[in-house]
Number of protein chains: 2
Amino acid sequence: MIDRAVAGRVQPASTLLGPGDDAAVVRAADGRVVASTDMLVQGRHFRLDWSSPEQVGRKAVAQNGADIVSMGAWPTSFLVALGCPADTPVSVTDALTDGIWSEVAEFGAGVIGGDMVQSEQVVISITVLGDLGGHEPVLRSGARAGDQVAVAGRLGWSAAGLAALLAGSADFPELVGAHQVPTPPYRCGPAAARAGATAMTDISDGLVADLGHLSVASGVGVDLDANLLEPDAQLRSAATALGADAREWVFTGGEDHALAATFPAGAALPEGWRRIGVVRAGDGVHVDGRSWAGAGGWQSFS
Amino acid sequence: MIDRAVAGRVQPASTLLGPGDDAAVVRAADGRVVASTDMLVQGRHFRLDWSSPEQVGRKAVAQNGADIVSMGAWPTSFLVALGCPADTPVSVTDALTDGIWSEVAEFGAGVIGGDMVQSEQVVISITVLGDLGGHEPVLRSGARAGDQVAVAGRLGWSAAGLAALLAGSADFPELVGAHQVPTPPYRCGPAAARAGATAMTDISDGLVADLGHLSVASGVGVDLDANLLEPDAQLRSAATALGADAREWVFTGGEDHALAATFPAGAALPEGWRRIGVVRAGDGVHVDGRSWAGAGGWQSFS
């Protein structure tokens, strides 16, 4: 199984020793390495009747990669531990592996190691290593009163796609696709770091919830301008059809792995970023001056 | 839960940014980082009626750490993803976390990141990062004909302890303890690298099986001398009581995470290492000139 997963795969130059020994060796030219890990469990973070194994593999890598770019770094290496029931068809593990490698290729990175074990549910645990390229990491704690608040990437699409799946609707394939495989704006992370972003995070729990984490870490408040966060036509159309609130998707939907960051007042925002509010003294996340009245965040679907 | 797991823990100097942001940042002064990952599943790799949660945590870290020292490197950082059923008592996750941290402390390392999710079984996925300290990694592939074959650490104790547990025997607490928490000879790994070891691996599948992997990677054969691998008194006593074969435990028992290495002929072996055979041209692992006739390796217990 492990041989099937690594055979014929091309490692980047940063992989000094790939899979096959007791451990891998990767270059860390910067003298530092950025690292994060996420575990996805079948039935909780994904359903194999809603997503293909290839999509699950891509999503698992995407959410890990988003944690690295949101530090202003770039992923170089992934380690993948996979638990599967004994009766899992090889076609499923092959497709999962293909999905993992295809998203890893988006970064020009490599899968440098892993483990495969038997388990009752499919469990995918990924660790990603990243390179800061000589820059300081952009933390959640650096926002200062007066900074611009900006976002890059889609908001609410994954939540809308999940709502369509739950409703059994086949009318919104692009939204469903965004739930199956998020498309985080990877390059916007390092670009924000180069542009002087003072704080950054990826949006995994929802815009309000994740800006809440950033505001606590920075000891500031965040004022969002609802006019700058109007749901797009796709979301409005789906909300009408599904009897849902498109603004709720935008403000509380997670899993798109958009990026949120703060930039000094007056700084030009890099490509892909748009202004959505301002940092102020105080605490909490407000929308048009009021506390967000909807759901506070987003949880996995079971 | 995550706050409970990280509160009050002391990070080593190599942890530049610990848990709490989207990713951690660790020092990699060597310009390279060694990495490995292992997943342990309840009922397959451990049983909570046979091991305390604290022991399970220690074992999970030990088997990951052994993969790093067997490269001649030293663990600096661990990332821990934990899946648990919703009804898992906090006392269990606290004890698991305590076990993880206490074994991590054996290395002076830190737990720099993690994830906690809901799952049907307890699943622990650990990734370890290590530092080569300016030395080249010791691979499985460097053994040459004429090299000495040597081992550091216990052989067969974990297998004997498992046999005692399976038999319901309470007569061999030290062997059972070795199964519950292996004690790999961590410092013997970097010491072997400094002493010029030509190849090294940790013994997770059993002496014959893991030397088999080393022999294939190196394109050589291995001749073991059974006189140098006589079972010790504890193993002989347990084998008699349990109706088992102590030599089978020594040659095929896994999970002790002893280290096996090859050294140039005539090289003085560092402290903790003992000679058990010789590398020859050819292939395969032989004992006293014959193929090992017993079981070829070792599998998890379910």
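We count from 1, first residue shown onward.
Heads up, the Cβ atoms here are built off N, Cα and C, so glycines get one too.
Over in TrEMBL, the protein carries these features:
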- B:ASP22, B:ASP67, B:ASP202: Mg(2+) 3 binding site (BINDING)
- B:ASP22, B:SER36, B:ASP67: Mg(2+) 4 binding site (BINDING)
- B:THR37, B:ASP38, B:ASP115: Mg(2+) 1 binding site (BINDING)
- B:ASP38, B:ASP67: Mg(2+) 2 binding site (BINDING)
- B:HIS45, B:GLU255, B:TRP298: substrate binding site (BINDING)
- B:GLY114, B:ASP115, B:ARG140, B:SER204: ATP binding site (BINDING)
- B:ASP205: Mg(2+) 5 binding site (BINDING)
- B:20-130: domain 'PurM-like N-terminal' (DOMAIN)
- B:144-231: domain 'PurM-like C-terminal' (DOMAIN)
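Around B:THR37 (Mg(2+) 1 binding site), a 10 Å sphere centred on its CB holds 26 further CB atoms from the protein chains shown. Using a cut-off of under 8 A between C-beta atoms, the binding-site residues B:THR37, B:ARG140, B:ASP205 that neighbour chain A are B:THR37, B:ARG140. Among the binding-site residues listed here, namely B:ASP22, B:SER36, B:THR37, B:ASP205, B:ASP22 has its C-alpha nearest to that of B:GLY114 (ATP binding site). Annotation: no binding-site residues among B:THR37, B:ASP67, B:ASP115, B:ARG140 have CA atoms within 10 angstroms of the CA of B:ASP205 (Mg(2+) 5 binding site). Neighbour density around each Cβ, counted as other Cβ atoms within 10 Å, peaks among the binding-site residues B:SER36, B:SER204 at B:SER36.
The two recorded residues, B:SER36 (Mg(2+) 4 binding site) and B:ASP115 (Mg(2+) 1 binding site), have Cα atoms 17 Å apart. DSSP assigns B:ASP67 (Mg(2+) 3 binding site) to a helix in the three-state reduction. The residues of the domain 'PurM-like C-terminal' (B:144-231), classed with DSSP into helix (H, G, I), strand (E, B) and coil, number 41 helix, 14 strand, 33 coil. Of all the binding-site residues given, namely B:THR37, B:ASP38, B:ASP67, those whose Cα is no farther than the 10 Å limit from the Cα of B:SER204 (ATP binding site) are B:ASP67.
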